[in-house]
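Colleague: Annotations for this protein, taken from TrEMBL, read as follows:
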{"type": "DOMAIN", "residues": "26-421", "note": "domain 'Amino acid transporter transmembrane'"}
{"type": "TRANSMEM", "residues": "57-79", "note": "transmembrane segment"}
{"type": "TRANSMEM", "residues": "100-124", "note": "transmembrane segment"}
{"type": "TRANSMEM", "residues": "155-172", "note": "transmembrane segment"}
{"type": "TRANSMEM", "residues": "184-206", "note": "transmembrane segment"}
{"type": "TRANSMEM", "residues": "226-246", "note": "transmembrane segment"}
{"type": "TRANSMEM", "residues": "258-282", "note": "transmembrane segment"}
{"type": "TRANSMEM", "residues": "314-333", "note": "transmembrane segment"}
{"type": "TRANSMEM", "residues": "353-371", "note": "transmembrane segment"}
{"type": "TRANSMEM", "residues": "377-399", "note": "transmembrane segment"}
{"type": "TRANSMEM", "residues": "411-430", "note": "transmembrane segment"}
Amino acid sequence: MKLEESVSSSNIIARLLPPEDPNPQNGSISGAVFNITTTMIGAGIMSIPATMKVLGIVPGLVVIVLVALITDVTVEFMLRYTSSGKSSTYAGMMAESFASIGSLAVKICVIISNLGVLIIYFIILDVLSGNESNGITHLGILQEWFGINWWTSRAFALLIVALFIMLPLVMLRRVDSLKYSSAIAILLAFVFVVICSSMAVSALLSGKTQTLRIVPDFSQATVLDLFTTIPVFVTGFGFHVNVHPIRAELGKVAHMGLAARISLIICVAIYFAIGFFGYLLFGDSIMPDVLVNFDQNSHTSAGRLLNTIVRLSYALHLALVFPIMNYSLRANIDELIFSNKNKPPLASDTPRFVSLTLTLLALTYFVAVAIPNIWFFFQFLGSTTIVCTSFIFPAAIVLRDMHGISKTKDQVMAIVVIVLAVGTSGIAIWTNLNGSGAAQ
C-alpha cells in the first residue's frame, strides 16, 4: 500500500513538471547565444562603470577585449578536450586529466561560485524593497510606491519573486528551455544600456556630463588598485561552467564555438557601452553598484520615471539570469552527492530533481534575507573560484595533455593564461585585503 502511494505521489509530481524532451540534441545556435550571453551579463554589469573610473576609458576597453579573448581561448580548450575524451561534463573532463582530485576541485569551485552569485542576485533585488547601507536607508521601488509595510519588506518581496518568477524557471529540466527567458533578459540589459546612453547623451547636449578619464589618474589610485578591477571582468565573462550543459543540447561542437564567439562580441559591446555611458553620466561619483547612482538622480518626474524603469528592468533581468546559473550549480551538487554511476539522469529522476531544486532555491533565499550585503564576496569570487573554472583549470588541462592533442602554441598560451590569472588575482586579493581598492 505504501509503495502504491509513493508511486502515485511521484506520478502527481511528474505531471506538474515539464516533460523530458525525448530528443535532447535539438538545441539551436540562437538559443545557445541567448543562454551564454545571459550567463555573462549578470550582476557584474553594475560594476563596469566603476572600473572605468579606476582604469580610464582606453585601458578599460583594452582590458574588456583582453579578458574576452582569453575567455575565447579557454573555451576552445574545453571544447577540444571534451571532443577528444569520453566525458560530457566539466568535472568529468577534469577527472580524465587529474583523476578524482580534479573532478572534486571543479565541483567545489562551481558550487562556491554559483551559490555565491545566486545569493548576490537575490541581494541586488533590494531595488524592489530597499536596503540600509552605512546608516543610510535606500527606499525600494515598492516602498516608494506603497510606503513601508510588511508586504513591501525585503523578505516578502524576495519571496514573491522566488515563488512566481524563479521557481517556474528552475523547474525546467533542459537548459535550452530557458532560451526564451534568456532572450528577455538580454533585451532588458539592452534597455538598461539604451536608457543609460540616452541620459548620457542628453546630459552631454546640456553640458552636464562629467569629465572623462582617458587613462588612470595615479594621484587617486595606485598601480595595484588597477588590478582590483580584474575580478569584475573575470566574473562577467565567466560562463565556462555552462559550456557542457549548453553544448550537450547542440548537434555539432562547431555550433558551440560559434555561439560562444557571438556571445562574447555582444558582451564586449554591452560592457563597454554601459561602462562608457555610465561613467560619462556620473563621473567620479560613480558607485561600485551604479544602481545607487540612479537612485540618487531623481530630481525631476522624468528622471524618477527613468530611474524606476532602470531598476525594474534590472531586477527582472537578474531574476531571469538566476535559472541559468542554478542549472550548473544543481548539476554539480548532484554529481557530488549522488556519485553512483548507475543512477538515472537528474532530469528523469523526479524526486531527486524536485528536492534538490527546491532546497537550492530555499537556501539562496534565506541566506540573502539574512545577509543584506555581500559585495566583498563578489570580489572574492572573481579572484578565486571563478578565475579557476574560467582560466586556470582549462589551461591546466592543456598542459597535462592526456589525449596528446595540444600543440606548442597551445601550451605556451596555457602558460601565459595561468601566469596572468594567478598574478592578477593574487595582486587583487592582496590589494582588497589591505583595503586600498579605489573602486570601493
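Quick reminder: no glycine exception, Cβ is built from N, Cα and C everywhere.
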Colleague: Compare 155-172, 184-206, 258-282, 353-371, 411-430 by their Cβ pairs under 8 Å to the transmembrane segment (57-79) and return the stretch that comes out on top.
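Modeller: It is 258-282, which has the most Cβ pairs under 8 Å.
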Colleague: Below 8 Å between Cβ atoms, which of the listed ranges 100-124, 155-172, 226-246, 258-282, 411-430 makes the most pairs with the transmembrane segment (184-206)?
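Modeller: Answer, by Cβ pair count: 258-282.
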Colleague: Sort out the residues at least 6 away from either end of the transmembrane segment (226-246), same chain, that have Cβ-Cβ distances under 8 Å to it, and list them.
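Modeller: Answer is 27, 32, 35-36, 39-45, 47-48, 50-51, 54-55, 59-60, 63-64, 67-68, 71, 74-75, 78-79, 82, 88-90, 93, 110, 113-114, 117, 175-176, 216, 256, 259-260, 263-264, 267, 271, 324, 327-328, 331-332, 378-383, 386-387, 389-391, 394, 424-425, 427-428, 431-432, 437-440.
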